[in-house]
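In TrEMBL this protein carries:
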- A:15-45: transmembrane segment (TRANSMEM)
- A:17-431: domain 'DUF112' (DOMAIN)
- A:57-78: transmembrane segment (TRANSMEM)
- A:105-128: transmembrane segment (TRANSMEM)
- A:140-159: transmembrane segment (TRANSMEM)
- A:165-183: transmembrane segment (TRANSMEM)
- A:190-211: transmembrane segment (TRANSMEM)
- A:253-274: transmembrane segment (TRANSMEM)
- A:313-337: transmembrane segment (TRANSMEM)
- A:349-373: transmembrane segment (TRANSMEM)
- A:459-481: transmembrane segment (TRANSMEM)
Amino acid sequence: MDILQHLSAVLSLEVMWFIALGTLGGLVIGALPGLTATMGVALLIPLTFGMAPVAGLNMLIGIYIGGIYGGCISAILLRTPGTPSSAATVLDGYPLAQKGEAGKALGMATIASFVGGLFAAIVLATLAPQLASIALKFGAPEYFALALFGLTIIASLSGDLLKGAIAGLLGVLISTVGADPISGVSRYTFGLPGFAAGLSFTPALIGLFALSEVFVQLEKIVGDKIVTLKVSGRWPNRAEMRESVPALLRGSLIGTVIGIVPGVGSGTASWIAYNEARRASKTPEKFGTGHVPGVAATESANNAVCAAALIPLLALGIPGDVVTAVLMGGLMIQGLAPGPMLFESRPDIIVGIFGGTFLATVFMFIFGMLGIGLFSRILLIPKRLLTMSIVTFCFIGAFSINLNPVDLYTMVAFGVLGYVMQKFGFSQAALCIAMILGPMAEANLRRGLLQTRDNVLEFVSGPITITFLVLTVLSLLWPLLRDLKARRRMAEQPN
Amino acid sequence: MIGRRADVWLGLVLLAFCGVAGWWTLRIPSVGTGTAAGPSFVPWIMIAGIAILSVAMMLRALLHATPAAAEGQGATSRATLLRLGVFVVLLVAYAGLFLSVGYLTTTIVVFIAGMFVLGERNWLFLVVLPAVLTGAIYFVFTQFLGVWLP
């Protein structure tokens, strides 16, 4: 009965309007090369500050789902993925467009994103409550071990383990600015009242993911005109649909599983799904030449990640990928702490998010199918105008939360930091997620040590704690073993 | 990716940062919290970790030196660096004047200056559209979204 009541709140005209608006906005953001779903969510978090939590959070989820889907548009029409998660879609999407079948490629991408998103949304609604009920039994040591696992897996998956770990440690260090969670002592505040409660998280996010991208775009903007391919038709034929079904299902499953694992993300999911689809195909030679199942595999996988990445965020308080880490900022400005307690204290929010995820996926499908003919026009927005508009949005967003000009400096500083990190191969995602998980790890470590009177063995004696610590060690060793294996294979090859 | 030699310089910058952060950490007052892990416990672990990993990164760069040709890959040209520098100064000035001068004036000026730095010379895109867009954004945010702007 309660569930129906909570669901009816999502179906109100106001909430549905915001979900539709978010999904459409996300689609446009995702379609434009250089603008990512992460940037879209970071930029628009401040707007949700004054909204009802279910409306605001679902608008952000709409941006996320629309943004990941939108990435396929420029991947197919321009050979430039709008978001990193659509990089694999270029392989078959662009050749299809070159053959004059851009509409078919976009149609298949829309269907695949819908199927993948819906599949993962069902898994989210069924698995997250089960996981949360287990997590309710966690104490300080378990939470510390979980946060540590989240931190290491993100560092280890960020390409360069050393640089990922440095970014992670820096993120935790930055998160210690402000009052100490146990004693209340001020740390690194330099007597500035603006830092007493810690660095403002949302302006930092806007700087890290939106403003830094503006700096990156500054290097790329040239006077060239964008030439897109014509779009006609939208449905793959029956034979192509039948041929794509296994790739669709496999992609949805791969995306869902990868989405649940913290830190991996939709980019990896779509590459794995593409490789698996090619491996399992009877005609693998067709992949890369404009083969519809190739698009089905990548797009079902990357959109399945969206809903699946919400599972660890909602059930454990650990973001599944970088967009959900940013989404956590949206929950935080509503005064909500994601994690198992949210299922007990605010079931309306949880049910609202489940319902909103379904609705956003449906809106994405509708907008996708209706807008296929208009997609090529989105890509014609002048780059310089777009870049300066983003700068304006960054400033309004960072200022509007606390009406504090210090937040603007914080945003600019993090924008520069984000740009430098990108330039030198450090993971911004690791820094961001560490800034979120750092306080959780520190508070639970010190609380646990206080409870056990500094007895470390007692602190790590619980079975769940041990499991997470073992997983932590494995996640650190995995990239090292992988590199070693790759080097051995290289050495074994004759040339 | 920028060449490995940059990692040596980055490592040095990070070590210098660790030195400064260590100095700041010494100034955190130590208070009794009933455990050996006080307010500076986690910061010290992080600083030590960054320092150790920075040394490891430098050693890796020195031991696996890349050919000189690869060093310049992805490097930013001097003109782009200058443009980036001008842009950052512009944004810092924007942050400083946002509250005191007001959103409309500062945004129009920064928008036009930014478009100029980005290479726009068409007066329609350089002046008219920024003014219209700034006004439209102000109207939407203040009237529809209830955001207060100075």
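Note: Cβ is positioned from N, Cα and C throughout, glycine not excepted.
Nobody curates TrEMBL annotations by hand; they come from automatic prediction.
Counted over residue pairs 6 or more apart, the CB atoms of the transmembrane segment (A:57-78) and the transmembrane segment (A:313-337) come under 8 Å in at least three pairs, which marks the two as touching. If one looks beyond the transmembrane segment (A:165-183) by at least 6 residues along the same chain, the residues whose Cβ comes under 8 Å of a Cβ in the stretch are 151-152, 154-156, 158, 189, 195-199, 204, 421, 426-428, 430-439, 441-443, 446-447, 450. For the transmembrane segment (A:349-373), the list of distant contacts is 3, 6-7, 9-11, 15-16, 19-20, 22-24, 27, 53-54, 57-58, 61-62, 64-66, 69, 103, 106-107, 109-111, 113-114, 117-118, 121, 124-125, 128-129, 231-232, 234, 303, 306-307, 310, 314, 336, 342-343: same-chain residues at least six beyond its ends, Cβ to Cβ under 8 Å.
Of the candidate ranges A:253-274, A:313-337, A:459-481, A:313-337 has the most C-beta pairs within less than 8 angstroms of the transmembrane segment (A:190-211). Cβ atoms under 8 Å from those of the transmembrane segment (A:253-274) belong to residues 68, 84-89, 91, 116, 119-120, 123, 127, 149-150, 153-154, 157-158, 247, 287, 294, 297-309, 311-312, 318-322, 429, 433 of the same chain, restricted to positions at least 6 beyond its ends.
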